[in-house]
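A.B. asks: Pasting a structure here, questions to come.
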Amino acid sequence: MMVLPVLRLGLSCRCQTAGRTLQQIQRTPLRQWLLRRGQTTEGGHASVRMASIPNAASYRVLGRWLVGCSGLVLGAVVLGGVTRLTESGLSMVDWHLVKEMKPPRTEAEWEDEFSKYKQFPEFKIMNHDMTLREFKFIFYMEWGHRMWGRLVGLAYILPTVYFWKRGYFSRSMKPRVLGLCGFVVFQGLLGWYMVKSGLEEKTESYDIPRVSQYRLAAHLGSALLLYCSSLWMGLTLMLPANKIPDSRNLLQLRRFAKVTGGLVFLTALSGAFVAGLDAGLVYNSFPKMGERWIPDDLLAFSPAIKNVFENPTTVQFDHRILGIGSLTAITGLYLFSRRVHLPRRAKIAIGCLTAMAYTQVVLGISTLLLYVPTSLAATHQSGSVALLTFAIWVLAELRKVGKMELCF
């Protein structure tokens, strides 16, 4: 019979000891820090609402998000190129952030939209015999491009708000992510600024209505910068850095890869001037331009610098040189990389870059010789972004191990 009192005494002592231990834990610096971070303990149990702290898992989530966003930007670039090639970009003659999200539905609404288009130079000079059915096609092309742009904006801004509140961003990441969101907004405004240049009456010119090649290059260039920045941040967050022993050859390879990536970007940007001036239609032969290696009208404009941006012959010539230069640089990068001991993933990236470079050159030459068919030209434009993608991947694989990466 003495067993029960002993058991009760033992349980009472253990409860008192547990209570004192819990009180001691609650007075510890850890408990105070948890309270400051908004964490709670309820009912004597360790029911803790953990504050979100950037770590390897959260960085992988952010990396996938940014790579997904870069994929949406890629879609916008491709769709914009097709819109340009089908001459649909000037079909919507005004811009409203919300109102234009609903396209015309009734026949009366379509007639009203078509009547607006008839007031601008493209219809008067080029499409004066266009039917309503044909107008609907070019309208939907431009409308789809604009709606895709809004989707890109939401894909950046809404997750940014969510991740910010959850504490996913480190202090160094916050300004970069805000910069990406700001760049998306700027890109949308720049797109409308570009379209406006094609809607203006040019009484001193008898040329076909087209957007300014300068504004087109700025619009494409900003999209490519947004794409490269998002992809770079995403890959560096997702992929662990290769811990490659530093050597002289590796340092040279990194520099070589950076220069090559810059050259690929410049070549893609020069394509905007080719598209803006329809320069792909002036000399449809290769490797010579007509009967000459260097055409007679290469420097037809004065001052000479004007030819680089406004003379279709010079613009095509420059694009050819940049394309051949990019192919040469990438081939050299591949051959030099064979002298450096690289991880398998880095070798695959360089191999993909090299294969894509040769594919892109074949696409470019074919587009030129076949007088710029829409499908082939769109594939060539998409190939330029694919080439840029592999260049970013190579740079991500060859990067140095950062301080944050050493922690994980």
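Quick reminder: no glycine exception, Cβ is built from N, Cα and C everywhere.
Annotations per TrEMBL:
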TRANSMEM  65-85  transmembrane segment
TRANSMEM  147-165  transmembrane segment
TRANSMEM  177-195  transmembrane segment
TRANSMEM  215-239  transmembrane segment
TRANSMEM  259-283  transmembrane segment
TRANSMEM  319-336  transmembrane segment
TRANSMEM  348-372  transmembrane segment
TRANSMEM  378-396  transmembrane segment
A.B. asks: Using a Cβ distance cut-off of under 8 Å, indicate which of 177-195, 215-239, 259-283, 319-336, 378-396 has the most pairs with the transmembrane segment (65-85).
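C.D. replies: Top-ranked stretch among 177-195, 215-239, 259-283, 319-336, 378-396: 215-239.
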A.B. asks: Which residues of the chain, 6 or more past the ends of the transmembrane segment (319-336), have a CB below 8 A from one of its CBs?
C.D. replies: 249, 252-253, 256-257, 259-260, 263-264, 266-267, 270-271, 273-274, 279, 289, 350-351, 353-354, 357-358, 360-361, 364, 387, 394
A.B. asks: In terms of Cβ proximity under 8 Å, which residues at least six beyond the ends of the transmembrane segment (259-283) contact it?
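C.D. replies: Distal contacts: 81, 84-85, 210-214, 216-217, 219-221, 224, 228, 289-290, 295, 309-310, 312-313, 315-316, 318-319, 322-323, 325-326, 329-330, 333, 367-368, 371-372, 377, 381, 384-385, 387-388, 391-392, 394-395.
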A.B. asks: Quick check for me: are there 3+ Cβ pairs below 8 Å between the transmembrane segment (378-396) and the transmembrane segment (215-239), leaving out pairs under 6 residues apart?
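C.D. replies: Stretch pair touches.
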A.B. asks: What same-chain residues lie close to the transmembrane segment (348-372): Cβ under 8 Å, and 6 or more beyond its ends?
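C.D. replies: Beyond its ends, the transmembrane segment (348-372) has Cβ neighbours at 85, 280-281, 283-286, 323-324, 326-327, 330-331, 333-334, 337, 342, 379-380, 383-384, 386-387, 390-391, 393-394, 396-397.
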